[in-house]
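One structure is given here, and the rest of the page talks about it.
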Amino acid sequence: MAWRNHSAITEFILAGLSDDPHVQALLFVLFLGIYLLTTMGNLMLLLVIRIDSRLHTPMYFFLSNLSFMDLCFSSVTVPKLLKDLLSEKKTISVEGCLAQVFFVFFSSGTEACLLSVMAYDRYAAICHPLLYGQLMTSQLCVGLVLVSWGLASLNAFVIVLLAINLDFCEAQTIHHYTCELPALFPLSCSDISTTTNILLCSSLLHGLGTFLPIFFSYARIISTILSISSTSGRSKAFSTCSSHLIAVILFFGSGFLCYLMPPSGSSLDLLLSLQYSAVTPLLNPLIYSLKNKEVKAAVRRTLEKCL
């Protein structure tokens with residue numbers, strides 16, 4: 001697959017996060033630590049959920065898929081960032097740029113769908129506890145995950161088609177640390193108004209299409225929790241969805257800011273993108289481990305078996 005009318009362009013130059021070698025060295029240590037912790041945290045969740053039979057429930061089935069997507073999401077951008085922080089020339093090939101655009105949208109899109117599915121799971125558990133087993137069957141859970149992957153793949157494919165149809169002239173420097181589609185717009189010498197509108201509509205459609213079910217699920221969840229007479233009952237019901245709610249706020253908050261704000265090439269753009277693609281995948285396993293009693297108990301049981 002090649003870019004249309006771009007025979008002279010074979011690679012792009014990434015501006016990165018800093019030109020100062022000392023700052024780059026500090027950033028390398030920081031993001032290497034973040035990536036290692038992200039990898040270990042999500043692999044730990046996957047292992048614990050796989051080993052402990054008490055966690056073989058719909059909620060933890062979705063959580064294991066979320067952890068896998070966090071691993072993918074982080075691996076799309078952070079290893080390349082680490083390599084560039086040690087390199088004098090920060091370049092990315094045309095094919096690598098296309099691949100990064102696709103996998104960024106695929107992994108983030110799948111994660112958005114999974115968070116939406118997990119909200120429905122919490123709604124079924126809290127609002128219809130007696131029917132939960134009938135509502136959340138294993139076939140439905142697998143189907144919801146497959147649909148999440150399929151919708152995200154379709155959205156990412158549309159985004160890549162937009163990238164392929166961009167025309168570039170001489171500018172090759174992407175003022176970003178990764179090859180995201182909005183960062184390519186300033187380099188294009190063709191009319192990008194249609195492409196920008198399609199990207200905005202696609203982001204809104206996918207973002208709102210996954211966020212609105214979360215909103216309505218939590219509206220019903222909050223209504224149900226408030227109707228519980230005992231304080232301990234309300235606290236227990238809320239604790240079952242607090243981890244998911246924090247993950248939703250982190251992911252959708254930074255995601256909407258990243259893709260709905262016009263790209264300016266400012267430090268704020270870079271910080272939002274880093275929080276979205278590097279920090280959130282690190283925080284998710286911490287949130288679910290520290291705030292979830294079942295996961296903490298399963299981790300203890302797994303460690304006891306290993307030791």
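Including glycine, each Cβ sits where the backbone N, Cα and C put it.
The domain 'G-protein coupled receptors family 1 profile' feature in TrEMBL is assigned to 41-288. According to TrEMBL, the feature transmembrane segment maps to 25-48, 60-78, 98-120, 140-164, 197-216, 237-262, 274-291.
For the transmembrane segment (237-262), the most Cβ-contacting stretch among 25-48, 98-120, 197-216, 274-291 is 274-291 (pairs under 8 Å). Ranking 25-48, 60-78, 140-164, 274-291 by CB pairs under 8 A with the transmembrane segment (197-216) puts 140-164 at the top. Per-residue pLDDT, averaged along the domain 'G-protein coupled receptors family 1 profile' (41-288), amounts to 85 for this model. Residues 17-18, 55, 63-64, 67-68, 70-71, 74, 78-79, 81-82, 85-86, 278-279, 281-282, 284-286, 288-289, 295, 298-299, 302 of the same chain, all 6+ positions outside the transmembrane segment (25-48), place their C-beta atoms under 8 angstroms from a C-beta of that stretch.
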